[in-house]
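Peer 1: Let me begin by handing over the structure; questions about it come next.
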Amino acid sequence: MFPGPLPTNGFLAAALGLLLTHMSCSSLAVQDIPPIAAYFGTKTRYEEVNPHLLRDALSVRPSVLKPPSAERCSPVHLTAVIRHGSRYPTVKNIRRIQKLSELVRKEASRGSERWLQDVQTQWETWYTEDMDGQLVAKGREDLRQLARRLAVLFPSLLSEENLRRGRISFLSSSKHRCVSSVEAFQEGLRQHWDAHAAPPPDVEYSHGVDDQLMRFFEHCRGYVEGVEKNRTALLEVEKFKHGEEMEGVRRRMAERLGLPHHRLTPDLVEAAFFLCSYELSIKSLHSPWCFLFDESDAKVLEYKSDLKQYWKRSHGHVISSLSSCPLFHHVFRTLDKAGRPPSILVGHAETLLPLLSLLGFYKDQTPPTASNYHSQHGRSFRTSQIVPYAANLLFVLYDCQRGPRLQLLINESPVRFPGLELEDAPLYRDVRATFRHLLDGCDFHSECEGRTGGRGPNTEL
């Protein structure tokens, strides 16, 4: 639908030609995405969760907002908890990539396949340690585009006036990738309103930094001692890392590279897998490293990543989710005062996963372990789908005829609260009743410190 008069035939033909060219380029781009792109765990692109964004990065689906059609409702508040955008590898992975690259260049057999020749002779590591997890240009664009889409969904809340007058609250983790992400989100809002209204006067947008809120896991002694520093907490991950499925991936990769099997450690296998993910998320490239893995290999490596996140950040140990009590209470205190400005909170995958677990999401009947990989293919706990780069939890409060209602969207798709599965946007009082045990409890000091100095891992799931 055109916003103004219908174009002339010549204009229409030109516009259609441009559109077809754009669609053709998009199709080519989609075809060149590695088949394993949807299995990169927390290193997955946001577009793999929402493929329609590959065709139009600003595409908005108003139908995701689902207040009851029988009531007149309007959104009166938005709290968004957002993960930072695409980033460079951390120093640990950069060193592994360098070690892998050197091993392949010096010891791998010369292959006849083009991708193998590229890996051995053409590809050179360009990652340097000073990159250490910093936001990349694509990551800034992730957040700008998310901001522009949300401004379309919530024009009265993320309005130009609210932005200009400082009526939108912005908080971030202190990590540079999060600070850069919140700044990019603000840029995206500015871009949206510049395109839809007279440019506002130059305003310097501010944001707060709060690690107690966005990096709560570092401040929870029960978590740090019971999980982070506890060698037995991730026992399932270690078992799987050296188990039959991972050994199969390692053997096949060694054969494809012409390397002795013992020269490839599980960490180097994972480094090659991550290399494929980084080249895609940073440069939009189908890297030659991707050809080392087929879909079955990728599923094994995704499962290994999911095991780590499950046992370190999610339902594996009860203290992991309870460590997010400060963020849980902050969200509900904000919702309780519907007149408060929209709240944009930017953190990490480690910020979102514990909160989602505390709310009861993605808790499969049978927990993932090192020994049940083949029965876990239908699991809901897939970090590739839950916390890709720029992942987001959107708490939308509506003013409706029967009272306030709350809807939750995860990665811009509607989900229903556990225990309230009959409605997309249940009455807010019903949401509060469902989480009453947490609202009345979930005390950070008692859960994280306790009288004995911390709560150990949960051994009964």
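Cβ coordinates are placed from backbone N, Cα and C, and glycine is handled just like the others.
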Peer 1: Tell me which of Cys325, Cys400, Cys442 TrEMBL records as disulfide-bonded to Cys73.
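Peer 2: Of the candidates Cys325, Cys400, Cys442, the one TrEMBL pairs with Cys73 is Cys400.
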Peer 1: If you have TrEMBL open, could you say which of Cys276, Cys325 makes the disulfide with Cys290?
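Peer 2: Checking TrEMBL: disulfide partner of Cys290 resolves to Cys276.
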Peer 1: Compute the C-alpha separation of Cys290 (disulfide bond) from Cys73 (disulfide bond), stating it in Å without decimals.
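Peer 2: That separation, Cα to Cα, works out to 48 Å.
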Peer 1: Using a 10 Å cut-off, grab the number of neighbouring Cβ atoms around the Cβ of Cys276 (disulfide bond), all chains included.
Peer 2: 24
Peer 1: Who sits close to Cys73 (disulfide bond): which same-chain residues at least 6 apart have their Cβ under 8 Å from its Cβ?
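Peer 2: Pro67, Tyr398, Asp399, Cys400, Gln401, Arg405, Ala425 - these are the non-local Cβ neighbours of Cys73 (disulfide bond), listed in sequence order.
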Peer 1: Around the Cβ of Cys400 (disulfide bond), how many other Cβ atoms lie within 10 Å? Please give the count over every shown protein chain.
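Peer 2: That number is 19.
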